[in-house]
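Listed in Swiss-Prot:
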DOMAIN    10-342  domain 'Kinesin motor'
BINDING   GLY97, GLN98, THR99, GLY100, THR101, GLY102, LYS103, THR104  ATP binding site
COILED    341-619  coiled coil
REGION    369-415  region 'Disordered'
COMPBIAS  376-395  compositional bias 'Acidic residues'
COMPBIAS  400-411  compositional bias 'Basic residues'
REGION    432-456  region 'Disordered'
REGION    660-699  region 'Disordered'
COMPBIAS  667-679  compositional bias 'Polar residues'
Amino acid sequence: MPGGSSGNDNVRVVVRCRPLNSKETGQGFKSVVKMDEMRGTVQVTNPNAPSGEPPKSFTFDTVFAPGAKQTDVYNQTARPIVDAIIEGYNGTIFAYGQTGTGKTFTMEGVRSQPELRGIIPNSFAHIFGHIAKEQENVRFLVRVSYLEIYNEEVKDLLGKDQQHRLEVKERPDVGVYVKDLSAFVVNNADDMDRIMTLGNKNRSVGATNMNESSSRSHAIFTITLERSDMGLDKEQHVRVGKLHMVDLAGSERQTKTGATGQRLKEATKINLSLSTLGNVISSLVDGKSTHIPYRNSKLTRLLQDSLGGNAKTVMCANIGPAEYNYDETISTLRYANRAKNIKNKAKINEDPKDALLREFQKEIEELKKQISESGEGLDDDEESGSEESGDEEAGEGGVKKKRKGKNPKRKLSPEIMAAMQKKIDEEKKALEEKKDMVEEDRNTVHRELQRRESELHKAQDDQKILNEKLNAIQKKLIVGGVDLLAKSEEQEQLLEQSALEMKERMAKQESMRKMMEEREQERMDIEEKYSSLQDEAHGKTKKLKKVWTMLMQAKSEVADMQAEHQREMEALLENVRELSRELRLSMLIIDSFIPQEFQEMIEQYVHWNEDIGEWQLKCVAYTGNNMRKQTPVADKDKSLAYGEADLSNVFLTYNLEGGGMKYKPSQGKSGRPKTSSGRPKTGKKKQASMASSIDALLQ
């Protein structure tokens, strides 16, 4: 077995460009993106550049032109990752790019049409098609989960309470995980499809000027696949692979999307998390960085293993071809170009402590043992006559009685139980036909038959319950070699056919690429051989023009990077200004209602909870109304005997009946202590001044 094998893998980056939509075509926008699938290059022309400026060129592992098929995208992008997770690796596939560039279409597609399905539904058919081809002695357990990150809050899309926020935790043996995230065991691709449909109904979407169904949250669909097979040491080994498929919300500019109100707040959170993702990518590529800011957002923390950790990762950068999206397209391509240099250290997860498959196998063995032992304890006289052993003596009425202590316990099969029931029925019938028995003996024998029958029924019920438990667990395990595709069989055939066509096409492209390289080399060799000074001057001029073009391209690249840096700075400054306004508003409200000395007390006992991203107050469960509900009023005198502090007049929270505290008469007209900041003469003036201050902040 390849257990524990590992290697350094760079993050694979592919680029996909969508076609111009009807709105862009109607407004007369032109495409500024040119893609060469054979060379894997993307060229972007600046619509505002002076004449003669060359287009910017980027090279990636794979590029997909606007006419690319969904099956081709899956086979070249996701198929190697899915094959790896079946072998026990972790894998991540995520779509990155500006809003409205087709990230959700790439990841999900149109699931009602087989040829338009995206990466996530195609992976369902791929996984169960692979299981169907495995050997019979291999066992599989597949479970799925679905979550979203909305406004920096993690929510379970498959949970009952969609308002419940989940905590992100971390353990040395498990890594980063989401506490209380629900996971469902599936047996076929149709189960996965139904679960995904359920989760999509709960996902946050909204309309903007750039996308009518814009994703307002980051969604992560996770498939956990456990397999158990025999190793070289003749022992069962469990390998666990996890596949995270991430549909990111797109970066937005308020001037283009027209977002206001709640949509603007969502866009701010989305941009902040994507900015953190960009910072993580930059820090991983920059060898000088000593700190990677994974914890700055929930998204990067959940993707910690996928970026520079134990995972095989593919990033699909989605871009738009329209000229008015030039800046966003260049920014996306630059981030994607950096991500190519991220190195991951993927290894097979063999025999992890939290594997459910091993627990299920142990439980199955235990249930089988209980079923085999469930009939023990019944006397042999309850079994068929041909299997009786021990001495017998004749009782009154001719009914045989057993001598105790000489009969071994037996394991009962369903056939033996049926024979025992038949024998009891026959003895009941024989008892009814006996006319010469004493009534007392008849009742004794009847009670004995009832006892035996009740014990038999109890054994049958116990076996039924155990069998139901056993069947329920066995249904969760999938045996290799069993075809579970059902309706998805057509999809698997479509994927395999597309994969074969893709291999043939790639082989042709590779041969053509080699031929073009050879011709290019021949041309360069010919140019190097000059027959005269005039030819040499002509050749040098061509080289000079080529170098000059490269110089102009580099200058243009520097200018674009400076402009992009300026735009990012302006966006960050705008976020800072927005947060500052919210902070000043919060501080104004706090200062208006909480005296300064109590603010200092709160600050002294407050701490930051990294897991949920909130400030928490220590011992808050033992304050206020929580204590008022628990403390009886009758204990007032008893509590005063211990000299407790008089907190009855602390900031209008406690009254004569609250917490059994001693009431100290107020000084003056008001019932609250004086504060260092003083108090306005009237409440109306206080409210008016606060309202005017709030209005000034919100303007």
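Start at 1 and count along the chain as shown; that gives each residue its number.
For all residues, glycine too, the Cβ spot is worked out from N, Cα and C.
Keep in mind it's a predicted model, so treat the numbers as computed, not measured.
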Relative to the Cβ of GLY97 (ATP binding site), which residues of the same chain, six or more apart in sequence, are found under 8 Å away?
LYS103, LEU248, GLY250, SER251, ALA317, ASN318, ILE319, THR332
I'd like to know which of the binding-site residues GLN98, THR101 has the most other Cβ atoms within 10 Å of its Cβ.
THR101
Take the Cβ of THR104 (ATP binding site) and count every other Cβ within 10 Å, whichever protein chain it belongs to.
24
Can you tell me the mean pLDDT for the domain 'Kinesin motor' (10-342)?
86
Provide the three-state secondary structure of THR104 (ATP binding site) computed with DSSP.
helix
Would you identify the secondary structure of GLN98 (ATP binding site) according to DSSP, in three states?
strand
